[in-house]
Amino acid sequence: MASAVISVPTTASRFALLQVDSDSDSDSDVGKPKAAGRGAGKPRSGKSPSGKNSQNNEKKKEKRRRKKEQQQSEANELRSLAFKKIPQKSTAPPSLTLQDLANDLINPANVQQGSKPQENWQEWKQRDEQLTSDLYEADLEKALMLSKLEFEEHKKDADKAETASPKTKTGGKKDRKKNQQGKDKRVTVSLKDFQQEDQLKNKPEREPVNPALRDDKFFNKLEDDVSKIVQRDKRREQYSNSAGQEVNTSSEHEQDVRTEQLKYELEKKDQEIAKLKKTISQWEERYKEVKARNSQLLKMLQQGEMKDKAEILLQVEELLNIKEELSSQVTQLHTALEQERSKVKGLQSEQPKHQGNRKGKKASEGDV
């Protein structure tokens, strides 16, 4: 497989040289005469494969041309990135050099009255910081670019391996079928082969991606990543400086950082207060709802208790009425019983008299 080797040596001017060596053309050129020799050495069979060979050659030529165009576009993009000029702020005067600045610092008497070494030092410091930040961005961009290119190469290798594996499997299956065409035996397929066939059938075909759009997205994403990383590093430095570390910065810068930090803390506190207010309002609404429910339940219970009491009183009144009726009936029955008893006693007292009269009548009848 052809592999692109990209060597990007760096010097003081960010990128001095960019080399793109591709082995694909050389490999393809070396492979041509060998293939031709092999084809010439083989005896021709009865069939004429000229149409298939011409189609295969055309496909190979198109693939090589596309590879060359893609590699050329990548090389152009890399060259444009490599030889892009670094923006520098010309804050220091052109005549002032590091040697002059060192001499002025060592021998302050030689310095002119109108010069201000402190201002020159600040200018040089700003320029140095700008240069270091630019170089850092350039190195970071280069590292990200190389890592992403390496990742793309590995991805291409994996894709080619995936595309090659089903072809070999299908070729082996075709050979098996050809060998077993004359036989009437049943073919036994293992479970793994069956599952792999289903996966290959269900696997969707990947859509071709335009290389120009892919390159544009790649470099735009690279620049965005570099800017994000630089901003994050600057924020970390500002936070560490404001946390109390000894940094040689001006008092105004420290005050600005402190004010920004206080503003950020105030915003956090305001957000917390707003959240607490929301929660308090929600709890108040829930408290009102619960209070209303409790009042309704109390009313319902009171109504139920009153109903129960009224029903009990009615039942008591009914029972009292029944009791009075039963007591009156008992008194009536008692009087009737007494009357019957008196009647029985009167009859018992009159019974011997009647018996004596009956005996006298019987005796008189016997005499007659």
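In case you wondered, yes, glycine gets a Cβ from its N, Cα and C as well.
These features come from Swiss-Prot:
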REGION    18-127  region 'Disordered'
COMPBIAS  33-56  compositional bias 'Low complexity'
COILED    52-82  coiled coil
COMPBIAS  88-100  compositional bias 'Polar residues'
COMPBIAS  109-121  compositional bias 'Polar residues'
COMPBIAS  152-162  compositional bias 'Basic and acidic residues'
REGION    152-260  region 'Disordered'
COMPBIAS  170-180  compositional bias 'Basic residues'
COMPBIAS  194-238  compositional bias 'Basic and acidic residues'
COMPBIAS  239-250  compositional bias 'Polar residues'
COMPBIAS  251-260  compositional bias 'Basic and acidic residues'
COILED    256-350  coiled coil
REGION    333-368  region 'Disordered'
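For the compositional bias 'Basic and acidic residues' (152-162), the number of residues in each DSSP class (helix H, G, I; strand E, B; coil) is 11 helix, 0 strand, 0 coil. Per-residue pLDDT, averaged over the coiled coil (256-350), rounds to 90.
Across the region 'Disordered' (333-368), the DSSP tally of helix, strand and coil residues reads 35 helix, 0 strand, 1 coil.
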